[in-house]
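Down below is the structure, laid out as structure tokens.
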Amino acid sequence: MAGEQLQVLNALDVAKTQWYHFTAIIIAGMGFFTDAYDLFCISLVTKLLGRIYYHVDGMEKPGSLPPNVSAAVNGVAFCGTLAGQLFFGWLGDKLGRKKVYGMTLMLMVICSVASGLSFGHTPKSVMATLCFFRFWLGFGIGGDYPLSATIMSEYANKKTRGAFIAAVFAMQGFGILAGGIFAIILSSSFNAMFEAPSYEDDALRSTVPQADYVWRIILMVGALPAALTYYWRMKMPETARYTALVAKNAKQAASDMSKVLQMDIEAEPQKIEQIKEQKSGFGLFTKEFAKRHGLHLLGTTSTWFLLDIAFYSQNLFQKDIFSAIGWIPSAKSMNAIDEVYRIARAQTLIALCSTVPGYWFTVAFIDKMGRFAIQLMGFFFMTVFMFALAIPYDHWTHKDNRIGFVIMYSLTFFFANFGPNATTFVVPAEIFPARLRSTCHGISAASGKLGAIVGAFGFLYLAQNQDKAKADAGYPAGIGVKNSLIVLGVVNALGFLFTFLVPESKGKSLEEMSGENEDNEPQGEAEPPSSSGRRTAPVA
């Protein structure tokens, strides 16, 4: 059966867009909605944590998290995500996508709630328990990346596969938006119920005791969307490609997909026997894999790594950039809950104007323009806008030019999302063999999270003022926001170059991209096809 595809896989490739496609997008996408909410809601409350737990009487400025604590609180979930991507990516190829899918979701639900319940009597103990649960929350989130991408790619048809995988990823935008909107509503409600003066008017009374509930509720609400989709995840059948090509149970695959596609799919006993006789194929650490897919894996890991350095350093610390250009007032002119409201409002505006539209532009155009063109375009414009912000940075800090700065800054986000932030997620789910697909996606995603850690931790220190006296409390002098933006521009330019290692997968079947049709030789001689040729299932 060299070059010949199972009828069940061909039926999936040529199926018209049906209700089950949208169901799969929602079930997989709600995981990503939760991922984004959980990862980014922490940046809404870090300033509040500093005011509550690190207040020092008589200080001119409100309390803030010490550098090591801030780095831990912001970055520990990424460390967990990186570990989860590698572990669950590997497990998804060993046990099957569906078996592992429920584990990741339950971990996210439990750890979201536990993060908000972080206990202790001292700042150190509260932060330690928060970091502990955020790590395991990240571990669960990490598993969602390779599993959701792989499941969606294996369920989709050839024609619109890119849009379906990108739509799952685009739910991140709604997660970021939901986090901001919920924080706005919650902080407004608390502000109305518990009025407090600004820090400069009364330092002690500016942080009301009830402010401690605000950050806890924001973190805990992340459990809701994950819990709501658990039942539906458990009802999804295993993907036909895993069942047929990895578990070598083509009969079960045909049976499962007959129900999903609502059509009769022949079990093809001859091909089932041939599949059972096949060699298991080359592994990840083999010369054959290096020869066929080594450069592809280098391309997907390097571009995702470089993209996330730029993307996460901006996203996590945009509140600092807004403060630097005066878009958020100085901390001492607000009370604690009002500061949460202002930060949430700024992040929501950016998400609404650039992040969410960028994701959905990718969904609309990825199967027309192709992955390669969108990724190149995205990196190119990110580089251009980053340098346009950085080189005349002093110009943008003047009050009259702040709106221009925010527009330019929003455009870098727009082209990150209508660009490599989406395509780096899509491509690894399409170009590797079924038996290694989840593992290779996990490795690529983990490389991205390594970039996120570099961006999140590095930017904390790099963006500090060059004059130590003007740097945030406890931080050494950095290279300043201007030079940090130049560094990020260079990172984006490197991403543009490494994109040339990634193949175009538009309009091709997964088996065609991974070369599995050519691999599907039984150990004996392949039987010639019957005179009637290959049978194709009718399209529903």
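Just so you know, glycine gets a Cβ as well, placed from its N, Cα and C.
TrEMBL annotations:
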| type | residues | note |
| --- | --- | --- |
| COMPBIAS | 513-524 | compositional bias 'Acidic residues' |
| DOMAIN | 24-507 | domain 'Major facilitator superfamily (MFS) profile' |
| REGION | 509-540 | region 'Disordered' |
| TRANSMEM | 20-49 | transmembrane segment |
| TRANSMEM | 69-88 | transmembrane segment |
| TRANSMEM | 100-119 | transmembrane segment |
| TRANSMEM | 125-143 | transmembrane segment |
| TRANSMEM | 164-193 | transmembrane segment |
| TRANSMEM | 213-232 | transmembrane segment |
| TRANSMEM | 349-366 | transmembrane segment |
| TRANSMEM | 372-391 | transmembrane segment |
| TRANSMEM | 403-422 | transmembrane segment |
| TRANSMEM | 442-463 | transmembrane segment |
| TRANSMEM | 484-503 | transmembrane segment |
If I take every residue in the domain 'Major facilitator superfamily (MFS) profile' (24-507) and average their pLDDT values, what number comes out?
87
Near the transmembrane segment (484-503), which residues from the same chain, at least 6 beyond its ends, have a CB less than 8 A from one of its CBs?
295-296, 298-300, 302-303, 306-307, 309-310, 313-314, 371-372, 375-376, 379-380, 382-383, 386-387, 389-391, 393, 420, 427, 431, 459, 462-463, 478, 513
Range from 69-88, 125-143, 213-232, 442-463 with most C-beta pairs under 8 A to the transmembrane segment (164-193):
213-232
Recorded stretches the transmembrane segment (69-88) and the transmembrane segment (125-143) touching, at least 3 CB pairs under 8 Å:
yes
How about long-range neighbours of the transmembrane segment (125-143): same chain, 6 or more residues beyond its ends, C-beta under 8 Å?
34-35, 38-39, 42, 49, 53, 65, 69, 72-73, 76-89, 91-92, 100, 103-108, 111-112, 114-115, 118-119, 442, 445-446, 449
Could you tell me what the rest of the chain brings near the transmembrane segment (20-49), counting residues at least six beyond its ends with Cβ under 8 Å?
62, 64-65, 70, 73-74, 77-78, 81, 104-105, 108, 112, 127, 134, 137-138, 141, 144-145, 148, 151-152, 155-157, 160, 164, 167-176, 178-180, 183, 211, 214-215, 218-219, 221-222, 225-226, 228-229, 232-233, 236, 260-261, 315-319, 331, 336-337, 339-340, 343-344, 347
